[in-house]
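Listed in TrEMBL for this protein:
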type: TRANSMEM; residues: 196-218; note: transmembrane segment
type: TRANSMEM; residues: 225-243; note: transmembrane segment
type: TRANSMEM; residues: 255-279; note: transmembrane segment
type: TRANSMEM; residues: 286-304; note: transmembrane segment
type: TRANSMEM; residues: 316-335; note: transmembrane segment
type: TRANSMEM; residues: 342-364; note: transmembrane segment
type: TRANSMEM; residues: 376-394; note: transmembrane segment
type: DOMAIN; residues: 462-602; note: domain 'GGDEF'
Amino acid sequence: MLLRANTQLELYRFANKVAAFVLIVFAYSCLTASVGLAEETSLPQERQIITSEWSYHWGDLPKDNLNNQWDYNNVQWKQTSTPGNIPGRTDEKIVWLKVDLPQKGWRDPYLFITSADLTIQAFQNDQKIYQFGNIDDQGNSKFEGWPWHIIRLPDNYQNHSLYLRIYSDYPYIGLSGEISIGDRFDLLNEVYHRGIAGLSFTLIVLLAGVISAIMGVIKKDRGAAICTGLLSFNLALMMFAENELSQVVWFEPLFWRYVAAFCYFLVPGFLAGIVLAWCKDKTPKVAFGVLITTALFFITVATLSTFTDFNFINAYPYFDLLFIILVLALVLGCLKQFKELGLPGILMSFGIMTLFISLLLDMLSAHDLIDWIGHAGQWGLVSFTLTSLAIYLVQDWKQQIALTKLTEHLEAEVEVRTRELQSNKKQLEQLAREDFLTSLLNRRAFSESALIEVSNAIRFNHPLSLLLFDIDHFKEINDQYGHSVGDKVLKAIATTSKESCREGELVCRFGGEEFVILLHATDSDYAPILAERLREKINKIAIQVDETTVSITASFGLICMNTPHQFEGSAEQLLEKLLAAADKVMYEVKVSGRDAVKVCDLSPDIELHARVS
């Protein structure tokens, strides 16, 4: 489990680093795009955009079957300002275009056409110089894709008009996009320049999608992560299929058009999947509707294209309208859910609308309703993908804030708990060392502390005295007045003992009604005075029981040792001798009548010498 958590953390850190890299690449792309635009407007171009007047003729030209030559002269040509969106079409599937090309002394002249709807043949000086697709003798053809075309021109091209024969059963017929003339190298260089710029957008979309998916999986938002990753991959694949370099990688225009078309048809479904994954607590029905409608359209077009003569490109106009309806319905139908999600919901709706607007601009451009917009559509796709990434970054930011607050809260709780534990530990240590009734040292604590004092006395030759005393007739007090009175007696004696001793002297309830006091640095002159003072104070203790006053006396045994450094044994042995001697002396007091202090000196040879009684 720990290894898995560490792995996820490393993946998450890696995803954050790559996200930063993607943002840097995006900023660099913005900079290079602006620089490239400035160069295009400021530097002279070797290629030239064709702005000549175009002429057109609906239907096939007359043909001399004997010579297999088209008759360009005995027909009526009409003028048009553009080779696309040619006026006057009824049900014609073929149009002829005529143009006179400029001459600027190019060494290797070629004509570049961005796109043609759909099949195209080029003629000059009664010779076919280019063909994409086949047009049969009946004037029929089939869709082969939408590649860009680069047509080599004869050396004397400027002396003859260029004729283009175009077939289309699509709603649109003619040429679209840029049409330019120049040296082959310059034209291809421009193609590669645009293609590489487009690939940078594609790479950003793909990387941002992968990072979003990784971050989502790490955060256990697998549904949203998978949908986001699939949509980003779908958009990147669509962008690459429509990129001019795709046919350089593999010249199969029809395949790339299939890829671009069906990726486009899937976009609303993926958007609905993302919304469903994010709004799983309150699933919007409109998202289900968008998802199902997209799937049905996709399956229907794929089936018709496979098993009938239906051409999938004819589904474009219908899907364009359907796309507008589905995305607007998705956004408007899920506004409430977006608001409830907060900032991620706002970013999501913004990203969807950005994607919608970019594809709408591409759509309008494809229908010749607006001028060709270049990379504007790709900017929208990149913005959507980066917005999807921003959703996870915002989530991470909010989680980091929440985690920081939680950490601070936990640290505060831990600090409080630590103080409580330390306090409890002190209390437990105190309870382990103190007698619970009198709060004096217990026997174990006294032994530990007394050994230290005895060791110091031996080491530094400090005088040492030990006082052991026992309450007289304590059993009779308990029997006559009860244990509660006995407890009061013990507490009173404990209080009196502590008050009578100096700070640092060890006072202990040694057991039952026995008490012991170790008097450090106290010689045989001062110790008896302290013992006698304590005896007198104990005699003054009076415990009131109802109308009876209980008086207390005690028997004391005091052992003094003025030169402990002469003792040859250990500190533990000396302490045992002191206790044993004090007990013996105290017993003698008990036998001789109680309520007295008997003092003995303990010589280094462990002999007792009675002095005072």
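A Cβ is built for glycine as well, from the same backbone N, Cα and C atoms used for every other residue.
Just so you know, TrEMBL annotations are computer predictions that nobody has curated.
Averaged across the domain 'GGDEF' (462-602), pLDDT for the predicted model comes to 93.
Ranked by Cβ pairs under 8 Å to the transmembrane segment (196-218), the stretches 225-243, 255-279, 286-304, 342-364 are led by 225-243. Same-chain residues lying 6 or more positions outside the transmembrane segment (286-304) and placing a CB less than 8 Å from one of its CB atoms are 262, 265-266, 268-269, 271-273, 275-276, 279, 310, 312, 315, 319, 322, 326-327, 329-330, 333-334. Here the listed stretches are 225-243, 316-335, 342-364, and the one with the most C-beta pairs under 8 angstroms to the transmembrane segment (255-279) is 225-243. Helix, strand and coil residue tallies for the domain 'GGDEF' (462-602), in that order: 64 helix, 43 strand, 34 coil [DSSP].
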